[in-house]
Amino acid sequence: MNVGVAHSEVNPNTRVMNSRGMWLTYALGVGLLHIVLLSIPFFSVPVAWTLTNIIHNLGMYVFLHAVKGTPFETPDQGKARLLTHWEQLDYGVQFTSSRKFFTISPIILYFLASFYTKYDPTHFILNTASLLSVLIPKMPQLHGVRIFGINKY
């Protein structure tokens, strides 16, 4: 028995996506968003799918790729302050199960949105642009890279 030893992470952001039930909660949240959009009377099914995809990807971009730092005071000498949540996830190790899940989920949503919009060119362009905006920052080659100095500080 270790008395007086903390069993917490140095940076809680690194493991939050591996928590019990996180993936199920995430999927249920996306499903709930879609049901809410479908319940709005003047939205057609293709519009609801496109909005679900765009809102999901916008939220994913903001929370995983735009916001930097951690809401916790961490003993890592400020290293996490300069990293996005995606870069902190699983201590920066690439191709973990959480990273794979959060990479494949927008792709699955994109396929669903494309299918239910019947590949309408307008919806297809919007959905593709939205997908690329969240897939490109997830590439291992862009880990820690700030294009044109955007989000550098």
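From the backbone N, Cα and C atoms, a Cβ is placed for every residue, glycine too.
Worth saying up front: this structure is predicted, and the values here are computed from it rather than measured.
Positions annotated as topological domain 'Cytoplasmic' by Swiss-Prot, on the basis of sequence analysis: 1-26 (among others).
Residues or ranges marked as transmembrane segment by Swiss-Prot on the basis of sequence analysis: 27-46 (among others).
Among the features that Swiss-Prot reports, transmembrane segment is placed at 47-64 (among others).
Secondary structure of the topological domain 'Cytoplasmic' (65-100) per DSSP, as helix, strand and coil residue counts: 18 helix, 2 strand, 16 coil. Swiss-Prot lists 65-100 (among others) with the feature topological domain 'Cytoplasmic', giving sequence analysis as the kind of evidence.
Per Swiss-Prot, transmembrane segment is recorded for 101-121 (among others).
The feature transmembrane segment is assigned by Swiss-Prot to 124-140 (among others). Remote same-chain residues near the transmembrane segment (124-140) are listed as 50, 53-54, 57-58, 60-61, 64-65, 84, 86, 94-95, 99, 102-103, 106-107, 110, 113-114, 117 (criterion: CB distance under 8 Å, separation of at least six residues from the stretch ends).
Annotation comment: Swiss-Prot describes 141-153 (among others) as topological domain 'Cytoplasmic'.
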Outside the topological domain 'Cytoplasmic' (65-100), six or more residues from its ends: residues with CB under 8 Å to it: 10-15, 17-18, 134, 137-138, 140, 143-144, 151, 153
